[in-house]
Amino acid sequence: MATIHFTKVHGSQNDFFLVDEEENQIMDWSDAKRADFAIKLCDREHSLGGADGILYVTKSNEAGPIGQMRVVNSDGSIASMCGNGLRTVARYLLEKHALTEAKVETMKAILDVKKATSLGFDIPTYQVEISPVKFNAESLPMNVGVEKLFNQVVPELDSELAFSAVSVPNPHLITFVDQTVLDSDKQETLASYLNSENPYFPDGVNVSFVKRLSDDAIYVRTFERGVGFTNACGTAMSACSLIKKMLDKDTFETPLNVYNDGGRVQVTAKKDEAGEISLQLIGNATFVSTGSVSYERGTVTELTNEATPEQAQYQELVKEVKQFLKTTE
């Protein structure tokens, strides 16, 4: 029997179990083991309440980063990137190494992370880089008859909605809608189709519907590939912010407030001299509890689980966000 220690975390209530492989060397962490463990532990019927996925933290393969993040979704599939998860990994590693900023390796890039000024209620807040940003069809991959999809109607997907597609580096399909469309079943129907066998996004895609709230604020709801609807998706909020800035020809460096069912984050963008775009995602990194489970013959059993006071703290922000969103309906 293997005893696995974890930290239950969330970014914008996009929740995960964080497992430090260096602290859990009793397990042979193969890709198959990571997937099976994620499927079992992330089951919402599990005594620990499940999660959207597991963040596996291990040593980096490179000299500079202080660690590496691997993301496995609740269905066992691998996510190339997770912005909400990266904020919690950033906090975990920075606290572990007594640093305020560093680099963390992900599956597609080495990214800057740092401790940031709290967004409110003394909630632990971290800033993480989201990149690389690509628009070409191959990066998603996408087959809708164009090399770059930006604010265009795709009749095969919907006869009225205008879509944009971007990888950051996981793929996102984005459309701006009004409250009537948000209240309909369009998003679930479209996203479910595009995340099953289909000719347009063969690897699936994260689908976000975005509502404008003001010049400096948007609301984002995302159907995540491999998960379904979540309280928030960090890379989706980043991607939607970029598309909004491009549509409105906004100043990239100006922070955009992004509201979601899990709270609020801020996103800024920048373009370097070579024209390469990178995004900065700023939001909470909440540690909900610490505990342990046994993992034996494919069965995951709760052993310990001790809550922290941080979730109650975060709920104050959620309450404020919900009150604000009611005024925008």
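The count begins at 1 with the first shown residue.
Just so it is clear, glycine is given a Cβ too, placed from its N, Cα and C backbone atoms.
Of the residues Asn14, Asn305, Swiss-Prot puts just one in the substrate site with Asn73, Gly83, Asn84, Asn170, Asn206, Glu224, Arg225, Gly234, Thr235: Asn14. Apart from Asn14, Asn73, Gly83, Asn84, Asn170, Asn206, Glu224, Arg225, Gly234, Thr235, the substrate site neighbourhood in this chain, defined by C-beta within 8 angstroms of the site C-beta centre, holds Ala79, Met81, Cys82, Gly85, Thr222, Val227, Thr230, Cys233, Ala236. Each residue contributes its Cα atom, and for Gly83 (substrate binding site) and Cys233 (active site, proton acceptor) these two points are 7 Å apart.
Neighbour list (Asn14 (substrate binding site), Cβ cut-off 8 Å, at least 6 residues apart, same chain): Asp52, Cys82, Asn84, Gly85, Thr230, Asn231, Ala232, Cys233, Gly234, Gly262.
Of all the Cβ atoms in the protein chains shown, 28 others lie within 10 Å of the Cβ of Gly234 (substrate binding site).
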